[in-house]
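Enquirer: Per TrEMBL, the feature coiled coil maps to 502-529. Summarising the annotation, TrEMBL assigns compositional bias 'Polar residues' to 653-663. Residues or ranges marked as domain 'Cation/H+ exchanger transmembrane' in TrEMBL: 6-380. As annotated by TrEMBL, domain 'Sodium/hydrogen exchanger regulatory region' applies to 477-573. Residues annotated as region 'Disordered' in TrEMBL: 584-688. Residues or ranges marked as transmembrane segment by TrEMBL: 6-25, 37-54, 66-89, 101-122, 134-154, 166-196, 216-239, 260-282, 288-314, 326-345, 357-380.
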Amino acid sequence: SVSSIVPESCLLIVVGLLVGGLIKGVGEKPPILKSDIFFLFLLPPIILDAGYFLPLRPFTENLGTILIFAVVGTLWNAFFLGGLMYAVCQLGGPGLNHIGLLANLLFGSIISAVDPVAVLAVFEEIHINELLHILVFGESLLNDAVTVVLYHLFEEFANFEQVTILDIILGFLSFFVVSLGGVLVGVIYGVIAAFTSRFTSHIRVIEPLFVFLYSYMAYLSAELFHLSGIMALIAAGVVMRPYVEANISHKSHTTIKYFLKMWSSVSETLIFIFLGVSTVAGHHYWNWTFVISTLFFCLIARVLGVLVLTWFINKFRIVKLTPKDQFIIAYGGLRGAIAFSLGYLLDYKHFGMRDMFLTAIITVIFFTVFVQGMTIRPLVDLLAVKKKQETKRSINEEIHTQFLDHLLTGIEDICGHYGHHHWKDKLNRFNKKYVKKCLIAGERSKEPQLIAFYHKMEMKQAIELVESGGIGKIPSAVSTVSIQNINPQTLPLERVLPALSKDKEEEIRKILRTNLQKTRQRLRSYNRHTLVADPYEEAWNQMLLRRQKARQLEQKVMNNYLTVPAHRVDSPTMSRARIGSDPLAYEPKEDSENLPIITIDPASPQSPESVDLMSEEPKGCSGLPPSPEEDEEGLVMRVKEPSSPGTDDVFTPGTSDSPSNQRMLRCLSDPGPRPEPEEGEPFIPKGQ
């Protein structure tokens, strides 16, 4: 009943305090948590467990946010806290005046980092949602590089007589060396572990040993060169896991899983108990001003850092961090044994105020673990913060998630935007094409194991059915090949189909999840900026639109002016015959020799659009006398010149665009019923 209210870490510290008090009460000296024991033996199992089983998808999707909190947030906390504590020491009286700026900055770098052990102990009990858990826990893992760099930097600067600009620049560059160097060491050992597991098929017993061995070697190698051991362990666990699990047996996988959980749980228990014992056994120097100021400024720096950084991060995030999320992130900044061990490592020769630093560090640890750790659960319930889903996602959800990933990758390709889906797809294809062939043994590197695993499971199920006497109830999915040469035993009265164990179900789920969705093949890349435009396409489109408008306009005008339906336009021969049969109506004027010229489109001479009135200029205006042949011909037919693709014969301005010409065109195409001489004048009266 107590553990449901008080976190386990708090109870373990209380146990350590009681044990330390008992040891001291009987006159013995209690043991102290030495830094070598902590960093070499107790911390690596916890970090390896966290890195090996790290939820990779939410971690990579929020990597930018985690890095900003881990790097910028830790730097802000260290310098803000160190600067304010230096001001407090200058104003705090004679007991604090001798503490310089470098010592305060070193103290700020020790106390500013969020502790992964404390975060794991508290956040796993309250079952917070995956986003908040990975943000706080990821920050606590990745800020190790910043803490290591600042700690060693200020420790070295304390030995210098004068710190130059070059030293500061080198210290800044050492951050990249420490962080990226730790990651590189972890990746190298992870690849070696994966390659080694390829050849362990005949010695399954020692397969788990290689995982622990290479991970621990990665941590020691990084610490040997003052690189980030925590980042090396995380990188090694993340890199080796997919390849190692494809090579090792299922029993080895179960061994690794439970041994890591047990090992990290034992280390966590020992760390918190030793914290309680060391509190009783250590030398303390209590200064109210320094301790209370440290506690207050730690809380202020954490809140201000989270608020400012979240305001900046939300400008780039699709899923924004709400005020509730910001409160949980700020409230979950717990300190733990890493800060205590770093404080314990300080040398009395250069830091005579070490006991006061340790007292302030222990006070901050106890406050964050007890007060914040005990109150975060009721606050999460009070604020109705989303909890973690206890049930696993179904195969349907996982397949649709992968389908959406591929869909978003395709959308990014079409848009020409290289987002994280694009790079993730490139990495997956590189992994499948090159890395898997080198690090995974057998056919697993080439083809999915779904069919092979099904046959294996089918054979085992058939044998179990026959041995149990269930031959009569073999399902239709079991092939007859699987059960031949098997001697059935006596049928029992009750036949029960064997149920799948949880391990088998988990293996089937993993195979389906990794193999059902095929990665798409790479096609020619499409970019809307590199399409070749057709120079004729726009001109033809405009011409078609203009012709359509012209037909609509012509139809409207004909409906207004014509009283009878238009008949088909006659051929040139029929037109001449009609004019010759009725010379009074169509005889041109004698003085101007004005003859309308009709052009015929040779492509389709019978179409209504092929007859167009192009020119009504009087032939006499050209300066040449009319020839008798032209006088006899009447209407002159001329072949229409072909238009260029960019022009249109409908709306090209010319001499035939006047209203009188358009009216004559309409009447020539359809003169209508011929009127009687006494009812009206002819169309072109003689002698006009």
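Numbers here mean position along the shown chain, with the first residue as 1.
Every residue gets a Cβ built from N, Cα and C, even glycine.
Keep in mind that TrEMBL annotations are predicted by a computer and have not been checked by a curator.
It should be emphasised that the depicted structure is a prediction, and the values quoted were computed from it without experimental measurement.
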Enquirer: Under a Cβ pair cut-off of under 8 Å, which of the recorded stretches 6-25, 216-239, 326-345, 357-380 contacts the transmembrane segment (260-282) most often?
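Expert: Ranked by Cβ pairs under 8 Å, first place goes to 6-25.
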Enquirer: Mean pLDDT for the coiled coil (502-529), as a whole number?
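Expert: Summarising the coiled coil (502-529) by its mean pLDDT gives 62.
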Enquirer: Quick one: do the transmembrane segment (66-89) and the transmembrane segment (37-54) reach 3+ CB pairs under 8 Å, ignoring pairs fewer than 6 apart in sequence?
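Expert: Answer no, regions not in contact.
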Enquirer: Applying the under-8 angstroms CB criterion, which one of 37-54, 101-122, 288-314, 326-345 scores highest with the transmembrane segment (216-239)?
Expert: 37-54
Enquirer: If we skip the immediate neighbours and take only residues 6+ beyond the ends of the transmembrane segment (288-314), which ones have a Cβ under 8 Å from one of its Cβ atoms?
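Expert: Sequence-distant neighbours of the transmembrane segment (288-314): 64-65, 68-69, 72-73, 76-77, 80-81, 84-85, 88-89, 92-93, 96, 107, 111-112, 320-321, 325-326, 329-330, 333, 335, 356, 359-360, 363-364, 367.
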